[in-house]
Structure formats: structure tokens, C-alpha cells
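What TrEMBL lists as FAD binding site is Glu30, Ala31, Val225, Glu410. The substrate binding site annotation in TrEMBL covers Phe328. What TrEMBL records for 10-433 is domain 'Amine oxidase'.
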Amino acid sequence: MSVVVVGAGLAGLTAARDLLARDIEVTVLEARDRVGGRTYGLEVAPGVWADAGAAYLGHRHTELTALLAELDLKTTPTAMAGDSRFELGGDVGTRAGRFPPLSAVALGELFDALTDLCAKVRVDAPWLTPDAADLDRRTAAGWAAEHLRHPDARRFFPLFLGEMMAADPAAVSVLHMAFYLRSGGGLRYLNAFAGGAQEDRIDGGAHQVCERLAARLDVRLGEPVRAIHQDGDGVIVVSASGQVRAGTVVVAVPPALAGAIDFRPGLPTPRARTATAPGCAVKVHLIYPRPLWREYGLSGWTVNATGPLLSTVDDSPPDGGAGVLTGFVTGSEAHRFAALPAAERRERVLAQAARLFPELPAPAQVHVTDWIGEEYSRGCYAALFGPGDWGLLGPGLIAPHGRVHWAGTETSTEFFGLMEGAIRSGHRAATAIAETQEEQ
Ligand SMILES: Cc1cc2nc3c(=O)[nH]c(=O)nc-3n(C[C@H](O)[C@H](O)[C@H](O)COP(=O)(O)OP(=O)(O)OC[C@H]3O[C@@H](n4cnc5c(N)ncnc54)[C@H](O)[C@@H]3O)c2cc1C
């Protein structure tokens, strides 16, 4: 019996790859005119690709690492050598290491409080955590107001959450924040470059994973799926250019986009009612002839309370053939920045680059990728589960709706929100379908 996969991101293409490997006929319907979803490459100089979407991985991302080996893709370490710059209210400062010049007591208070919170959450089923209802009702902003005493801890918390989750603390529940941090391997792992989740990048760009997977599959682009109807014989999947009949469907799109599909029979009430909030990330790439900051002993890493770029990192290609500085605009700052006219965004980015790196010339190019406005992503890095969302969505997160199976990074309790989570969800959905077919 054939399968239709909705969405040609990492989750959908992994599911399709696994199904094909079991000799199950599979067609992938993708809304955009490209594959990759939240992985997306920008060619910023001839043969130099910048990751406008997902970029970083670490050694615990074992399924992604295995896929890279299968697809003959290599990684390169994320560059971090040199001094960092910080603009945390007042003048720009330079110092060794990547931790901001804030009170050690404050940072200790923040990380201890978060570690205690993460230890409580049941990562395999957050909705079953003791006190789940209470943690799911309150926002991360409310939690910070209650638990963080030191002004530096309060100041750094939104920057930290923006960097980790692309979240405004007011938009996520305490339960989701704790779950996300733990699901990603814990605070220390998630936050680290060397030895952590940001250790490496994929040579030539993360988008190549989906491109190489898709080359082996039947993928139809420009086919937004509008309706999925089930009857006694199977499933009818209605997309832009017509309809496809199949035995089973895998929906591998973020929850809010899945909720926009017309399901018949309709989804169980809790899933249908759950909207989730979009993650708020805009990625900015500043392109220089080469990584000029290294010539001044700088790593390119900055952390800034004054936007728009709340942090920057050196994402230059390994041969140093171009200087690529990636800026992250996250949380509420991302909403403000995304709403500006293009010329004003550019002006603000150039003014900040001049403040942070007065010794450098202006970048030759500035690229802005706004994920908030992307019709087929609706925010990034991942959907944010706000108050009440885990309680409603959690228990049925991966339960099939008849012949409809679910995938996507938001359905993975392991490495939720990351490429690794997406791939694991694709494996899980394909295994469940194959097992069902074997039973029939
Ligand atoms: C700026 C940014 C930075 C990130 N940084 C990292 C990082 O450093 N490391 C990391 O591991 N992860 C990172 N992520 C997250 C990572 O990109 C995602 O977790 C992962 O790519 C999600 O894959 P997915 O297949 O679940 O969803 P998606 O990639 O969103 O795929 C869903 C696909 O479905 C399509 N679609 C949507 N609606 C429909 C429809 N109705 N019909 C047909 N097709 C549809 C979409 O176009 C898309 O192609 C980042 C993401 C962004 C945007």
C-alpha cells in the first residue's frame, strides 16, 4: 500500500527514505518550490553557502551524523578562537571566552534555577511531569520574575532563551522551556560550542541533506496540501494540482500548519484546538572578503542586549575564502526587526556592525532571512508551546489519526526543535507504518 508524505523537510524526507528502503511506494508533496523546509542555503559568494536556517550539530546528534555519512557530507568545527565582544548596555567590551561580563553570582543563580527546573520535567512525556498542570499554566517570563533575584540574571535570561529557543519568555510555558532545554541534552550541552550542540556545521550547508535525500525520491514541489480525507479504501490527499490516493499519509509539517489542513474525519478536539506560537528568529548574514576579525584576535562571537543582532558567530567556510558572520535576531526583538522596511533593517545592522567591530570595513553584503514571515514555516527554530499547549497536544502528539501519521521535529521528545529531532521523528513514523503494514 502506498504512502504520501506531506512536507519535504528533514522529517518528511527521512520518513520517505525509510519507507522506500522497505519497498513501500512513497510520494512526497511539498508546498514550496524547494525541499529542505527550515534548512535553507544562501549562496553568498561563488561556491560559498551560508545556512539561513539550521546550521549546528553536536556529537549526540547521532541520527543526523549517520545520515551525513550515508550522504557523503562532511562537517567543519564552528570557529570560536579569539576574544569575544559584548554590548550589554553601555560601551562595547572585549574579553576572552564567550561568557558575557555579567556577575558570576547572577549567571550561577540563573543556571542553577534552570537546572533544578529541568531535572523535574519528564522529558519522554512532559505532560506527565509532577506539577505539569501548574508548569504548563505559567509563562517563562512569570517564572523569571518569581525566581531570578539578581538584576544581571533577569537581564541575561531573555537573551539566553532567545539564543536557545528563539523564544520571547512571555510566549512559552515553564513546562515547555524546561522540556526543550532537557530534550536538547540539558543546559550545558545545548549551550556549548566545543563538545556541545553547536560544535560543528555541515560543509557547504545543511540544505544539502534534504537535496541529496530528495534526489532519490519522488518529490513533487509547489504542492501545498489543503485536505486529507479518509474513507474505507484509504486516504485522498488534496493538493494544489489535484489529488493523490494512498493507503497512509505522514504529515511532516509544524503543528500550526498541520492544523490548517482540512481533515475528514476531523482531528480529535485537543489537537485541532492547539495553535502553538511561532518561534521568532531572523537570521542575518554579514559577508566580508575574508574573516577579517580573526586578524584582530577576535572570534566574531558577540552577545548584545542592544539589537538588532543579539549574538553573532563566525560561520566562514573552512578555507577562509569568504568572511561570513551570522547574526541572530530572536524573541521580541525579531518581531520588531521583521516589521521594519528592508532599508531600515540594513541600516540598523550596518550601524551595529560598526559599533561592534569599528576596526573592520562595512560588510560587502547583508542578507536578512525572516522566518517569522515564512508562510510554510510560521516561525523558527521550532513551534513554541505556550500555556496549555502541552496539556492539550502532548497525550496525542504521535498517536495516528486513523491512517494519518505524524512526524516533524515538534513530534519528537528527543532533541525537539532540532534537525536531530526531525530525523528521529521521520524514522519513528516510517517504522510505525511498516509495522502496521506487516500486521495486515
Ligand atoms: C534560523 C534557524 C536556525 C536553526 N538552527 C538550528 C541549528 O543550528 N541546529 C538544529 O539542529 N536545528 C536548527 N533549527 C531547527 C531545524 O531547522 C528544524 O528543527 C528542522 O529543520 C525541522 O525539520 P522538519 O522536517 O520537522 O520541518 P520543516 O523543515 O519545517 O519541514 C516541513 C516542510 O513541510 C512543508 N509544508 C508546510 N506546510 C505544507 C503543506 N500544507 N503541504 C505541503 N508541504 C508543506 C514546508 O515547506 C517544509 O518544507 C533552526 C531553524 C531555523 C529556521
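The backbone N, Cα and C atoms fix where each Cβ goes, and this holds for glycine too.
TrEMBL: automatically predicted annotations, no manual curation.
In the three-state DSSP assignment, the secondary structure recorded for Glu30 (FAD binding site) is coil. The binding-site residues near ligand 1, defined by a Cβ under 6 Å from one of its atoms, are Glu30, Ala31, Val225, chosen from Glu30, Ala31, Val225, Phe328, Glu410.
Between the listed binding-site residues, namely Ala31, Val225, the fewest other CB atoms within 10 angstroms of a CB are found at Ala31. In sequence order, Pro254, Pro255, Thr276, Ala382, Ala383, Phe416, Gly417, Gly421 make up the list of same-chain residues 6 or more apart from Glu410 (FAD binding site) whose Cβ falls under 8 Å from its Cβ. Val225 (FAD binding site) sits 31 Å from the residue listed as 'substrate binding site', taking the Cα positions as reference. Its own atom aside, the Cβ of Phe328 (substrate binding site) has 22 Cβ atoms within 10 angstroms in the protein chains shown. Taking the Cβ of Glu30 (FAD binding site) as centre and 10 Å as the limit, one finds 29 other Cβ atoms among all the protein chains shown. The separation of the residue listed as 'substrate binding site' from Ala31 (FAD binding site), Cα to Cα, is 26 Å.
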